[in-house]
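> Quick one: the structure is below, questions incoming.
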Amino acid sequence: MNDMRLTERAVDTNQLKITARDVQVFYGDNHAIKDVTVDIQDKTVTAFIGPSGCGKSTFLRCLNRMNDTIDICRVEGKILLDDEDIYDKRVDPVQLRAKVGMVFQKPNPFPKSIYDNVAYGPKIHGLARSKTELDEIVETSLRRAALWDEVKDRLTAPGTGLSGGQQQRLCIARAVATSPEVLLMDEPCSALDPIATAQVEELIDDLRSRFSVVIVTHSMQQAARVSQKTAFFHLGNLVEFDDTTKIFTNPEDPRTESYITGRIG
Amino acid sequence: MPVIWILTLILVFSIIGFFLGRARAMTSAGGDMRSLHSLPSYYGYNSALFLAVPSLILLGLWLILQPIYIESRISSLLPETAISEDTTRSLVMSDVRRVAEGLDVAVDQGAMTADEARNIRTEFVDVRERLGSVGVALGSEVDAPILNAAQQYRELSSTMNIVMTVLVLALGAAGLTFSYVRTDKDFRARNVVESVIKGLLILASTIAILTTVGIVFSMLFETRNFFTQYNWVEFFFGTVWDPSFSGRGGLSEFGLIPLLWGTLYISFIALSVAVPIGLFAAIYMSEYASPRMRSFAKPVIEVLAGIPTIVYGLFALITVGPFLRDFIAEPMGLGSSSSSVMTAGLVMGIMLIPFVSSLSDDIINAVPQAMRDGSFGLGATHSETIRQVVIPAALPGIVGAILLATSRAIGETMIVVLGAGAAAKLDLNPFEAMTTVTVKIVSQLTGDTDFSSPETLVAFALGLTLFVMTLGLNVLALYIVRKYREQYE
């Protein structure tokens, strides 16, 4: 574990963004998530780690109700975003997803130009009053995703023509453009090479200044590098949730220690 | 020997060759399959293929070339005098063939001995009556040169048949021997079988291509004949379609414009029905419907594609036509004909729905779920996602589906005959009877027709025009698909 570089950045704020209480998720008869209780703070990077199939992605997808698109999936318990139950009947999942953006495991740019990819969210939600404003949003989002310099001369080129790392940053720019309050990232670097990964990680650290970021990752090094808080999932249970430094240096649960030292996983 | 027997023999020997080849390979490997280059059955296939393929090719070629050869031989033997004033050599030849076949039938039925058939003379026997008694009716008395030619025809065919049988079987035996001798444990039978299979596949596609080329050429020649008899400017730009058949006399006018107008008008109406309904049905089925609903609705919609077009035609004639006339056309003062462009167009549109919906449905389903997730993740609604992400991604395929439907619409005949009538007219009123290119092709070629008059030949010019139109559409489709492919992948 010598290669693990722990970030000693202090958490800027202690304001809670998302509170999850006793969340259960069922896929048909399969009880995928059991009694998960977690507090996600604003302007913080929270990492979900754990072996494959432990439910971390499933739980992440509960936070913006992406699981609604799967017919057999059922969610119980309470998830509050700014003290508002997101599974309440009055909440419009579509509005919720605008507030809780998502970046997926595989880069999935739309079959549109780079410009239109980024402008997609703002156009749908009417965030820009004029073409100039939209141009500005696109530029800031691309800058924030550290992609502007690479694509500013070819904004009309198809987004699908970029390299893998560029595509993923385009997807991040696309998510950022809707000005979400929380950004969920589902293994955003698993399809990228080390250089692109480093770029995306740097980006995640930047994004922390504006929103709360939740990242699911298989790489413990990555969790250690980018997050302030880490949650360890195992077999659908949340085993341990604490400051990243604590989880990686002095875990309380023996299962966490085994996973981090590579004995289970 | 009849061809069916030769085929059976080849088949039987191939099966025997299979076992021979396999057995020899196994022996050469000392009974151990592992020391063979290929699996034992490949050696068997190798032997069977070497026996069957060359002999079948020879048989096929022979069967095509033999009649041509015999025809030309006998035809050159026919004396000039046998061809009377009012007939042609080819007509006399067909008499010869008929008599020869008649003699065959007579021999088969035992009404004549083989010797008799070979030696009878018109001077002694009434050939027409003898053949009539076995059920072969001849148009006229058989005169000596024709009977003589028919007898030679029979003789030549039977000699050629024997030669063919011997050659084909010999070639098969040679192929088997060749492959049998080559078979040993190091022989790469698997690779040989592989290349033979590749050859068969190439052959299949070549046949398809050659047929297309053949169709185009036959139309081209006939069209050229037509344009030697009729001015092409008047054909392409004439606005009157008024063929006169030989009985009535007078000059015919073949203006393409009214037919083309009818074709395009009806196709346009059909597509304005089929494309929106088909596309929306496809979107519902692939995006909103539950799997159970989908598994029920899709086959039901596809049933529409299985209904014969003549049934659609009846529906147009009996139900849709009178309905439109009574409830729309007459109250609005637009005409009193139950055959109308609107009738044919509506019914054809219904027929085309499954073409559009089924293909579009498959294509929309092929759009990766990641695209939809990305859009949902940004807070887009379902219909926004479909409109802005799914449809653009599926566009090349959807355009392809629409153009396929267009080609069908342009080529449709039965619905038009029954729904829109057969009157070639240039009119804007959709409740007026009009007709299309395909209907006129049919009407020019049915009935008593002389295949060298412009009245008939015009059908080929029309056919070629249609062909060029659909070809143009296909090229356009390819162009559109390729253009958007580049942009979207």
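In case you wondered, yes, glycine gets a Cβ from its N, Cα and C as well.
Annotated transmembrane segment per TrEMBL: B:6-23, B:43-65, B:162-181, B:201-221, B:259-283, B:303-324, B:344-368, B:389-410, B:457-481, in sequence order. Here TrEMBL flags B:260-477 as domain 'ABC transmembrane type-1'.
If you look at the structure here, what lies around each of the features I listed?
Here the transmembrane segment (B:6-23) has long-range neighbours at 40-41, 43-52, 55-56, 59, 164-165, 168-169, 172, 176, 179-180, 183, 189, meaning same-chain residues at least 6 beyond its ends whose C-beta is under 8 angstroms from one of its own.
Remote same-chain residues near the transmembrane segment (B:43-65) are listed as 3, 6-7, 10-11, 13-15, 17-22, 24-25, 36, 164, 167-169, 171-176, 178-180, 183, 187, 189, 192-193, 196 (criterion: CB distance under 8 Å, separation of at least six residues from the stretch ends).
Only residues 6 or more beyond the boundaries of the transmembrane segment (B:201-221), in the same chain, are considered here, and those with a CB under 8 A from a CB of the stretch are 460, 463-464, 467.
Remote same-chain partners of the transmembrane segment (B:259-283), defined as residues 6 or more beyond its termini with a Cβ less than 8 Å from a stretch Cβ, comprise 241, 297, 301, 341-342, 344-346, 348-361, 364, 386, 391, 398, 401-402, 405-406, 409-410, 412, 416, 420, 424-426, 430, 434-438, 440, 462, 465.
With a cut-off of 8 Å between Cβ atoms, the residues of this chain six or more beyond the transmembrane segment (B:303-324) that come close are 338-340, 342-344, 346-348, 350-351, 353-355, 358, 412-415, 417-419, 431.
Long-range contacts of the transmembrane segment (B:389-410) within the same chain, counting only residues at least 6 positions beyond its ends with a Cβ under 8 Å from a Cβ of the stretch, are 263, 266-267, 270-271, 274-275, 278-279, 283, 287, 348, 351-352, 355-356, 359-360, 362-364, 366-367, 371-372, 374-375, 380, 437-438, 466, 469-470, 473-474, 476-477, 480-481, 484-485, 488.
Proximity of distant same-chain residues to the transmembrane segment (B:457-481), defined by a Cβ-Cβ separation under 8 Å and at least 6 residues beyond the stretch ends, is recorded for 216, 219-220, 222-223, 225-227, 229-230, 235, 243, 254, 256, 259-260, 396-397, 399-400, 403-404, 406-407, 410-411, 437-438, 440-441, 444-445, 451.
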> Cβ under 8 Å to the transmembrane segment (B:344-368), counting only same-chain residues 6 or more beyond its ends: which ones?
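The answer is 265-275, 277-279, 281-283, 285-287, 298, 301-305, 307, 309, 312-313, 315-316, 320, 324, 389-391, 393-394, 397-398, 400-402, 404-405, 408-409, 412, 415-416, 419-420, 430.
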